[in-house]
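J.: Among the features that TrEMBL reports, region 'Disordered' is placed at 1-58. For 37-58, the entry in TrEMBL reads compositional bias 'Basic and acidic residues'. Summarising the annotation, TrEMBL assigns domain 'Major facilitator superfamily (MFS) profile' to 75-508. The feature transmembrane segment is assigned by TrEMBL to 76-100, 112-132, 144-161, 167-189, 201-223, 235-255, 319-344, 356-377, 389-408, 420-440, 452-472, 478-499.
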Amino acid sequence: RALAQRPSGIETCRPSVRAPPRSLGPRRRPGHPAGRAWHERTSMKSKETFSPKEPDEHKPELQDVIESIGMGPAQIFWALLGGGIWLADGAELLLVSSVTRSLQKEWQLSSFMKGAIVSAVYVGIFLGNASSGGCSQRFGRREMIVLSYSGIFLCGVLSSASKAAVALMGIRFFGGFFIGIGQPAWLSISAEITPAYWRIAMAAASQSLFVVGEMYISFLLMMDDLNMQSLHWRLLLRVGALPSLVMAMLSMAYLNESPVFLALKGRTREACRVVESMGRQNQSTPLSLDFKKPVSHRTDGSLLQQMSRQMAVVFSPRFLGVSLVIMSVCFTLNMVYFGCLFAFPQVLPTLMHGQAASELLVGALWELPGLAMGLLLGISATRRTALKFYLTGLTCAILCFVVGAHGHPEHERLMKALLFIGYYGIKCLPNIGFIVAYQMSAEIYPTEARSMGAGLALACGRLAAMSSPLIFECCLELTGTYLAFFLMMAALCVSNLYMIDFLPEPTRLEHDDVQDLQDAPLKSSDRVQVV
């Protein structure tokens, strides 16, 4: 009966061997012809189905299995738990940038030290991003996210008890480091669990939590001091760390590891359980739980050896040009966004008297339309088109802000309109770049080097972010105005427009062998089948 129901196209046993009616039992001797591995469990636990063992080349890819499950509650649940790292990031960065004026008054800080405290956070994020790739590949993406939440909360509480600027700067450095190790891990999970069509939507949904973190801090600032002149910064630092504590507890209990990472590490049963859980939550049956195992070469060796191998892939001739361009795009994006994130709490009290804190909240809300535009462009347009749109619009917004802030007082209404258009545009448009550029950084590299590639792109952006407060303070010190800082931002955006055409257009994720990745350079005109 079992032989009669075999799938078509698969060889049967030798005609000379007759399978007994009860040959499916486990008591059959392994070497017996009728006891060969004909029947293998390939369906959900609740339903037993036996089928002949397929050759490995006939099995579906794990990414195809995830595509068959589709988008649903499983990915949304992942985004809330893992993507919460952006919420913690938004709360941390806006809070530190906002309390520096109060710190300067209380501790009599110089302009350089005031900028250095914020830069220390970005230095920590830079080192965390750079080290996250190897740590995520060795210990797991989930572990890095849980560690990130826990470290952010601990550093937030410790920094509120600081007695000197140097101590505060050191603690904020470690807080930034814990933020940095969680972001590439989440980018990798997001790219690996989401169907190709929905990856941009997933990136937009998770990065919208950054706005939630900013809104949370803006409400705290409004409740403390609307004009942000005399803030109770110790209390704000304690209350601002509470979201990280909540996310740490939830992720410890409910966050799953990436099935692609589990399969790459040979933990096939755990990967099957995660895929099975995704199918149940999305009310969809997986294509098959007997998928082709991703190949990982030379997984032995120390952590530094694994990181060096991943770096060799990222900077191989095939990916060198792409890596340099995506890092330059991330550098400019972070220089503009985080430079303005530091500048606006310093500038708005002089431009918008009595409503600086409320304008920070309104500016945070304007980031939501930017995320919506990033989602729309990511789905309906190519990656390069979306990046060009964001760079062109951002350049115009920066110039409008400069003209509105330094315009002639005779045209007060026009100058005020240009000021608000520029301010809201600067808050809105970079989110298109965050969605598209960071998604590309997770798509254009192979599985084994994906966290490293995404981490280096993030680290390059954080290099710009950590230098932006010092650059702002230097421009203000040398010229007496912030005009030079914003003009430099506009020049960087224009220069990036000429680099976008060197980027490829990724189509889908595959889980291939990375053995020959260093052989041929990657052409920008190719429709890349991303490994």
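Backbone N, Cα and C define each Cβ position, glycine as well.
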J.: Sequence-remote contacts (6 or more beyond its ends) of the transmembrane segment (112-132), Cβ cut-off under 8 Å?
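T.: Beyond its ends, the transmembrane segment (112-132) has Cβ neighbours at 92-93, 96-97, 100-101, 103-104, 144, 165, 168-170, 172-185, 338, 342, 451, 455-456, 458-459, 462-463, 465-470, 472-473.
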J.: Sequence gap of 6 or more, Cβ distance under 8 Å, 3 or more pairs: do the transmembrane segment (389-408) and the transmembrane segment (76-100) meet that?
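T.: Result for the transmembrane segment (389-408) with the transmembrane segment (76-100) is no.
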J.: Between the transmembrane segment (167-189) and the transmembrane segment (356-377), do 3 or more CB pairs sit under 8 angstroms, pairs being 6 or more residues apart?
T.: no
J.: For the domain 'Major facilitator superfamily (MFS) profile' (75-508), report the average pLDDT of the model, please.
T.: 84
J.: Go through the chain and flag residues at least 6 beyond the ends of the transmembrane segment (201-223) whose CB is under 8 A from any CB in it; none is fine as an answer.
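T.: Residues packing against the transmembrane segment (201-223) from afar: 71, 75-76, 79, 82-84, 86-92, 94-95, 98, 186, 190, 194, 231, 236, 239-240, 243, 357-358, 360-361, 364-365, 367-368, 371-372, 374-375, 378-379, 431, 434-435, 438-439.
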J.: By a Cβ-Cβ criterion of under 8 Å, what residues six or more beyond either terminus of the transmembrane segment (144-161) are in contact with it?
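T.: Beyond its ends, the transmembrane segment (144-161) has Cβ neighbours at 81-82, 84-85, 88, 92, 132, 135-136, 168, 171-172, 174-175, 177-179, 181-183, 185-186, 189, 233-235, 237-238, 240-242, 244-245, 247-248, 251-252, 255.
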J.: Can you find at least 3 Cβ pairs under 8 Å between the transmembrane segment (167-189) and the transmembrane segment (478-499), where each pair is 6 or more residues apart in sequence?
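T.: Between the transmembrane segment (167-189) and the transmembrane segment (478-499), contact is absent.
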J.: Given the transmembrane segment (76-100), which of the listed stretches 235-255, 319-344, 452-472, 478-499 has the most Cβ pairs that are under 8 Å apart from it?
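T.: Of the candidates 235-255, 319-344, 452-472, 478-499, 235-255 scores highest.
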J.: Within the same chain, where does the transmembrane segment (319-344) have neighbours whose Cβ lies under 8 angstroms from its own Cβ atoms, ignoring anything closer than 6 residues to its ends? I mean 6 or more beyond.
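T.: Tertiary neighbours of the transmembrane segment (319-344) are 93-94, 97, 115, 118, 122, 313, 360, 363, 387, 394, 398, 423, 426-427, 430, 433-434, 437-438, 440-441, 444-445, 453, 456-458, 460-465, 467-469, 471-472, 482, 485, 489, 492-493, 495-496, 499-500, 502-504, 517, 521-522, 524.
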